[in-house]
C-alpha cells in the first residue's frame with residue numbers, strides 16, 4: 001500500500017495547485033474587459049450568430065497545424081537518436097537520414113504547392 | 001552508457017517488392033512538387049505501372065528463388081508462401097485498377113472547392129486535376145502489401161493505417177455526385193478510425209497478456225500464461241473487430257454500401273479487390289498464427305459471424321435498387337463465403353486445403369469484381385454513371401457485348417460452373433466440409449442460391465425488358481477501361497475452364513502455411 005502513497009501525494013498536490021490557481025486568479029489578475037475577452041472560447045471565431053451552413057473559416061490554420069505535427073514527430077525521433085547516436089552506429093545514422101529525407105519530401109511538397117504562403 | 005546497440009538485420013531483398021512500391025510513391029510526391037502541371041500525369045502513369053510491375057516481378061523472383069522459412073526483419077515481417085501469393089494478387093489487381101483510374105474524368109479537379117460553388121466552376125475551367133491520386137494509390141498498395149505479411153501486431157497496425165489513410169482521401173475525390181462522395185469519405189474515415197482503435201486496443205491487451213506483440217510469441221504464451229484470460233479474450237475479440245471491419249463482415253458491414261457507392265468507381269474497384277485480399281491475409285495470419293492455439297474459442301464466433309455475413313449480404317442485396325450498392329452487398333456476402341474457409345482449420349493438410357481454397361477464391365473474386373466495376377463506369381447518362389437499376393433495363397438490346405460481359409461477371413459472382421466463381425466456392429466449401437463445418441456450408445449454399453436470384457434478376461432486367469426511351473448511353477471505353485474489362489473477363493473464363501494451374505499454384509503457396 002505504501003507504494004501508492006507518492007501517487008496519492010502527487011494527486012493531492014496537482015488538485016491543490018489547480019484549485020489554488022483558479023481560485024487566486026480573480027483576485028490578482030488584471031481586469032480589462034472587452035468584447036473579444038467576453039466571447040465564449042476566446043479563439044477568434046464568433047460562436048454566435050452563426051452564418052448559414054456553418055460558414056467558411058480559413059483552412060490556413062489547418063495546414064500550419066499539420067506541418068507542426070510533421071516536424072513534431074520528426075523531433076520525437078531525433079531526440080532519442082541524438083542521445084544514443086554513438087551507440088546506434090552507422091545503421092542508426094542511415095535510418096535517420098532516410099527518415100529525414102522522407103520528411104523532407106513532404107516538406108518539399110508543401111513548399112512547392114504553396115502551403116507555406118499565408119495568403 | 002557504453003557499448004553499441006546491435007543493429008537489426010533486415011533482409012532488404014525479401015522486402016524489395018514493398019520497398020519498390022513505397023519508393024515509387026515518394027518519387028510520385030516529388031513529381032507532384034516539382035513537375036509542371038501538364039506533365040504530371042504523363043510521368044505518374046508509367047511510374048505507377050512500372051513500379052507495380054517491377055514489384056510483381058520481384059515477388060515472382062522471390063517465389064522462384066525459394067520461399068523463406070522464417071520471418072524477415074527480426075520477426076516483424078513474414079514473407080512466406082501465402083504472403084508472396086497475396087502480394088502477387090494485390091499487385092496484379094492494383095495494376096488493373098490503375099488502368100481504370102487513369103481516366104481522369106472519374107476524379108474531381110479541386111476537391112477543396114464546395115460542390116456547386118464558383119471555385120468548382122473555376123477548377124473546371126482551369127482543367128485542374130488531382131494527380132495526387134497516383135502516389136496516394138501507391139501508398140495504399142504498399143500498406144496492402146505489408147498488412148498480410150505483418151508478423152507483429154504493431155507492424156500490422158502501422159500497415160493498416162498506411163493502407164487506410166490514402167483510401168479515406170481517395171474515396172472523397174469523385175467528380176460527380178460529390179456530396180455523396182464526401183459523405184462516403186467521412187463515414188469511412190470515422191468508422192475506419194474507430195475500428196483501427198479497436199485493433200490497437202486489442203494489441204495492447206494481448207501485449208499485456210503475452211508480453212510481446214510478436215504473433216509467434218503470443219501463440220507460445222497461450223500455452224504457458226495462466227490466470228490472464230480476461231486480457232486474452234477481450235484482446236482477441238478487439239483484434240477480431242478491427243479485422244472484420246476491414247473485411248466488411250456482419251455486424252460491421254454498415255460502411256460498405258455507402259462507401260462503395262460514393263467513392264469514385266475505380267477506387268471502389270480497388271477497395272473491393274485489393275483491400276479485401278489484404279485484410280483476409282492479415283485476418284488469417286493473426287488468427288491462425290497468433291491465436292492458433294485458441295481456435296476452439298474463436299471458431300464458434302467466426303461460425304456465427306460467417307452465417308450472419310452471408311445471410312445479411314445475400315438478403316439485403318435483394319432489396320437494393322442501385323448497382324453499386326448491390327455490388328457492395330454482394331461483396332459482403334462473398335466476405336461471408338470466404339469466412340467459411342477461415343474456420344476450416346484442423347490438421348496441417350486440412351489447413352493447406354482451406355488456405356489454398358481461400359487464395360484461389362480471392363484471386364477469382366478480385367478479378368471479377370474489378371471487371372464488374374469497370375463495366376459500371378461505362379454505363380452513363382447525363383448525370384454521370386447510371387447507378388439506378390431501372391436505368392439498366394434493356395441494356396442488352398442496346399449494347400449486347402457490354403451487357404453480355406456484365407452478365408458473365410454476375411454469373412461468376414453467383415458461382416455458376418465454367419466461371420472462376422464456381423471453383424472458388426467449390427474449393428472453399430470442400431475444405432469446410434472436410435473441416436467438419438457442414439452446417440455452415442449448407443448455409444453458404446443456400447445464401448449462394450439467394451444471391452444468384454438477384455444476380456439473375458439484373459441479367460433478366462438487362463436482356464428481357466424494354467429499354468427506356470431516355471436510357472443511359474454506353475460510352476466508348478478508353479483503352480484502359482477496355483483492357484480492364486478484357487483482362488477481367490479473360491481471367492474469369494480461364495480460371496473457370498482451366499482452374500488447375502492456379503489451384504496448383506495456390507496449393508504450393510499454401511503448402512508451407514504461414515511461417516512462425
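From the backbone N, Cα and C atoms, a Cβ is placed for every residue, glycine too.
Within the listed segments B:84-101, B:102-119, TrEMBL records transmembrane segment for the stretch B:84-101.
Within its own chain, the transmembrane segment (B:400-418) has Cβ neighbours under 8 Å at 330, 334, 364-365, 368-369, 371-372, 375, 378-379, 424-426, 448, 451-452, 455-456, 458-459, 462-463, 474, 485, 488-489, 492-493, 496-497, counting only residues six or more beyond its boundaries.
The stretches the transmembrane segment (B:267-288) and the transmembrane segment (B:476-498) are not in mutual contact, being linked by fewer than three Cβ pairs under 8 Å (pairs 6 or more apart in sequence). For the transmembrane segment (B:156-174), same-chain residues at least 6 beyond its ends with a Cβ under 8 Å from one of its own Cβ atoms are 106-108, 111, 130, 133, 136-137, 139-140, 142-144, 146-147, 150, 180-182, 184-186, 188-189, 192, 196, 199-200, 203, 242, 246, 259, 262-264, 267, 271, 275, 278, 282, 286.
Highest Cβ contact count with the transmembrane segment (B:12-31) among the listed stretches B:43-64, B:84-101, B:358-379 falls to B:43-64 (criterion: pairs under 8 Å).
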